[in-house]
Each structure stands twice: as structure tokens, then as C-alpha cells.
Amino acid sequence: MSNLSDIQKKFFINVLLATSFTFSISQSAMTTIYPTLMKHFSVAVSSVQWLTTGFMLVMVLMMPLSPWFLYIVPFKAFLLSLRIIFRFGTLVAIAAGYFSLLVIGRLLEGAAVGLLFPSFQSVILSITPEEKRLTQMGLVGLVMGSALAVGPIVSGVILEIFDWQAVFSFFLLILIILFLLSLKFIKNVMPHEPYHFDVISSISLMGLVMLLYALQTMTTKITISLLFIFFVGLLLFGYFVQRQFSIKEPLLDLRVLKNAAFRLGMFLTAGSYIALIVTTVLMPIYFQKILGVNALWSGLMMVPAAISLSILNRRSAEVMKRFGLKTTMLIGSAMILIGFFGLLITCQIKLWLLAIIFAALVESGNAFMMMPAVTYANNALEKDLIPHGTALITTVRQIAGVIGVLIISQVLTLVSKPLQVSMKGMLASFAVSAILAAILLILVLRIKNRRANKLL
């Protein structure tokens, strides 16, 4: 970006972040309209959550491909193409007369998001001096974290005035505007390098999707065909991992996993993401099904969480510079644990104020967890490995999100009655979430202060 003026740089980054913000909102916006879609299409919680789980599965499949696209395709053409794919998926969703067609539209959206998320983070990390990455990633965290929190709010407000198709129409309008802005302000900032696309690796990567699909489906039934898919997926994914270590130009360079600091940062990022995505899934259901509020109010009840996450994300870099990485992340993980534990012990009281406070506490804790962990992990890598490290972190984070949503949805479904959500189901879901938060806190305790501060 050295050939761009300061104003051009500012517009470049802002348009890129605005695109990521819009894509990220689409990831969580479905949760508020779950009850509406369950009624409209006559489907259960375990079925409607495929709008999130399926979205994430395709994201996981596409994310490891992002380093290759960054090396081969001019960044401007790459970004514009992703917007076209996303818009087409959105049009399919708007026109959906059947639930399966709606899922297909979401899968197309997921493909575009899966390629964008690691790519835009790689671009920002690559063009930012190491000493400024912490501040810059704080901004990225602000965009992505607040977008996930804002998604249910936006869809709730729209749903109160219009029907569920209007939620998708809103994203379509925003992306058309961003497409036009990108034509002017997005530049080709990444160097072009010859990089072999390993077809065998890309095919074997399907094993991961097969594994996640089988695990998701086997929670309700176990058949011979599902077991076959599971074991074939396990073999394919195992081969994918082995191949990345053995070929000269891997699709996803897994050598980054040999770095202990990177591994720990990756797992911490995944854990904090589970907490965030589970909150955005559970709380709208709790507000609507247990407290009995409408979609608009359930969205508005998520506003305090979104605001606190946005404010604290921007402050996370300052906190880390003052207190160090380990202390900052201890604060964050403790906030997440207290938030989920608070929801567990107070949800039967049915006080909306307590639910709002504890949900905000969970999301606020993520401000001191997710992006600090990403920065910590990537700063442990050589610059040429950053695209691969970012792709792997983002992939693992989404896998964790899929598994987290899968576990919570199944707990909610199994404990509740068919096609209904009960208080017992919510209690069980919050209990599982609190256990996962406790594990996250234990992982943070493994960080070594001296080594962590050297990587900031």
C-alpha cells in the first residue's frame, strides 16, 4: 500500500471493513428469525439451526483455500467476485419457497464469507507493521465482534416491520452500495506469486465437511450410511493433514502448528468464538420463547451486549499494553464464565434485565479474548506464514463455532419437547456453556507472561 495516499488507504480499509461487517452480520442475523422460520416452514430447532450450521460448514470448507486465492487472484477482482457470490445466495434466499432452498442460499453466502474472513485479516496483518498490529486487530475485532452481536438486533427490527425476506433484502441493498464503492477504492495490494493449487488436497478437504455433517446428523439418528460418511470423512481429512506436511506447496501450510504460542492462541480464539456465537444463538430464543417478547424486543435486548462489545474491543489494545496479555485474557475469560454462570442461576427468575446484563458480560469478555489471541498467535509466525496462520485460525474458529452451535442446539432440543423450547432446555444449555467457559479460563492460565509480552 506504499503507493497509496493516506486518504486512499483510509477509504481502502474502511470499505474492506464495511464489507466484512456486512458479511459478519449475516452470520448471526438468522438467530432472531429462527422462531418465525420454525413456524413458517414447520421445522424444529435442530432443523432451523442448519441455517447457521450449514453456513459455517461451507465457510470451513472454503477458508483453507484463501491463501491460494490471495497469491494468485488480484485482490480487487477477488473481493468483487465474493460480493457477487454473496448477492446471488441472498437472492436465492429471498425467493425461497421451501426450507431447503433457503438453506442453499445460505450455503452460497457461507462460501463467500469463508473466503473473505481469513483473506481480509491476512491483508491487514501483512500491510501493518508488527508494532501496530495489536491496535489494528483491535479494530478488526470491533468490526467482527460487534457485527455478530448486531446481527440479531438488525433482523429483529426489520422483522417487526416487514417479513423475514426483508432481512435478506437489507443485506442485498448494502452490498450493492459496497460493490460500487469497491470499484473505486479497493486496490491490488497483495503481491502476485506463482503458487500451485493442489487439487488432491482440496478434494480431501471435503472429509472435514463430511465429518461435521455426520456428527451433526448422528445426534438425532445413527444409520449405516451416516457411519460410512463419518469414517470416509475421517480418512479423507486425515489424509489432507498428512499431505500438507509432505508436499512442497501445501494448500494450507500446517507447519504453523509446530509453534506452541500459535497453537495456544488458536485454541483460545476458538473458545472465545464459541462463547460469542452461542450467546447470539441462545439469547434471542430465550427472550422470545421463555420471556415471551416479540422479535423486535428480543433484538433490542441484545443492544447493550453489542454496545459493550464494540466499546471494549476498541480498548483491548490499551488494556493489553498496560496489564499484559495474560492478565487481559484472564479478565476476558472470567467475564465469560461469570456471564454464563449468571444466566444459569437466574434464567428461571425470568427477569429480562438480569438476562441482558449477563449476556452483555459474556460478549464483553470476548473483547479481551478473541483478537488479542489472534494477534498473539500470528505475531509468533514469520511474515510469509501469516496468510496460512490466519486461514487456519479462522478455519478452526469456525469449526469450533459449528461444534458449539451443534452441541447447544442438541442440548436444547433433547431436553425440550419437540418443536418447543422449555426452561429445562435453556438451563441445560447455559450449564454446558458455563462448563466450556471454565475450560477456556484454564487454557488462559497456561500462557507464560514473559513469552506472551515479547510477542506483542
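The first residue you see is number 1, and the count goes up from there.
Glycine is no exception: its Cβ is also placed from the backbone N, Cα and C atoms.
Annotation source TrEMBL lists domain 'Major facilitator superfamily (MFS) profile' at 12-452.
Within the same chain, residues 1, 4, 37, 51-52, 55-56, 79, 83, 86, 106, 109, 112-113, 116-117, 120, 123-124, 139-140, 143-144, 146-152, 154-155, 167, 171, 174-175, 178, 181-182, 185-187, 189, 277, 280-281 sit at least 6 positions outside the transmembrane segment (12-30) and bring their C-beta atoms closer than 8 Å to a C-beta of that stretch. Here TrEMBL flags 12-30 (among others) as transmembrane segment.
Under the heading transmembrane segment, TrEMBL lists 50-72 (among others).
Residues or ranges marked as transmembrane segment in TrEMBL: 84-104 (among others).
Taken from TrEMBL, the feature transmembrane segment covers 139-158 (among others). Within the same chain, residues 17, 20-22, 24-33, 117, 121, 124, 166-167, 170, 276-277, 280, 283-284, 295-300, 302-303, 305-306, 309-310, 313-314, 316, 363, 366-367, 370-371, 374 sit at least 6 positions outside the transmembrane segment (139-158) and bring their C-beta atoms closer than 8 Å to a C-beta of that stretch.
The transmembrane segment annotation in TrEMBL covers 164-183 (among others). Packing against the transmembrane segment (164-183) from elsewhere in the chain are residues 11, 15, 18-19, 22, 25-26, 29, 33, 36-37, 40, 76, 79-80, 83-84, 86-87, 90-91, 93-94, 105, 154-155, 158: each is 6 or more residues past its ends and has a CB under 8 Å from a CB in it.
What TrEMBL lists as transmembrane segment is 195-216 (among others). Counting residues 6+ beyond its ends, the transmembrane segment (195-216) has Cβ neighbours under 8 Å at 53, 57-58, 60-61, 64-65, 67-68, 71-72, 226-227, 229-230, 232-240, 243-244, 247-252, 399, 402-403, 406 in the same chain.
The transmembrane segment annotation in TrEMBL covers 222-241 (among others).
TrEMBL lists 262-287 (among others) with the feature transmembrane segment.
According to TrEMBL, the feature transmembrane segment maps to 293-312 (among others).
Annotation source TrEMBL lists transmembrane segment at 324-345 (among others).
Per TrEMBL, the feature transmembrane segment maps to 351-374 (among others).
Only residues 6 or more beyond the boundaries of the transmembrane segment (427-447), in the same chain, are considered here, and those with a CB under 8 A from a CB of the stretch are 264, 267-268, 271-272, 274-275, 278, 282, 325-326, 329-330, 332-334, 336-337, 339-341, 343-344, 347-348, 369, 404, 407-408, 411-412, 415. TrEMBL lists 427-447 (among others) with the feature transmembrane segment.
Listed by sequence, the residues of this chain that lie at least six past the ends of the transmembrane segment (262-287) yet keep a Cβ under 8 A from its Cβ atoms are 28, 31-32, 34-35, 45, 49, 52, 145, 148-149, 151-152, 156, 256, 293, 295, 297-299, 301-302, 305, 329, 332-333, 336, 340, 347, 352, 355, 359, 362-363, 365-366, 369-370, 373-374, 376-378, 380-381, 389, 392-393, 396-401, 403-405, 408-409, 412, 421, 426, 429-430, 433, 436-437, 439-440, 443-444, 446-447. Beyond the transmembrane segment (351-374), the same-chain residues lying 6 or more positions past its ends with a Cβ under 8 Å from any Cβ of the stretch are 121, 134, 137-138, 140-141, 144-145, 149, 265-266, 268-269, 271-273, 275-276, 279, 283, 286-287, 291, 293, 301-302, 304-306, 308-309, 312-313, 315-316, 319-320, 325, 328-329, 331-340, 342-343, 390, 393, 440.
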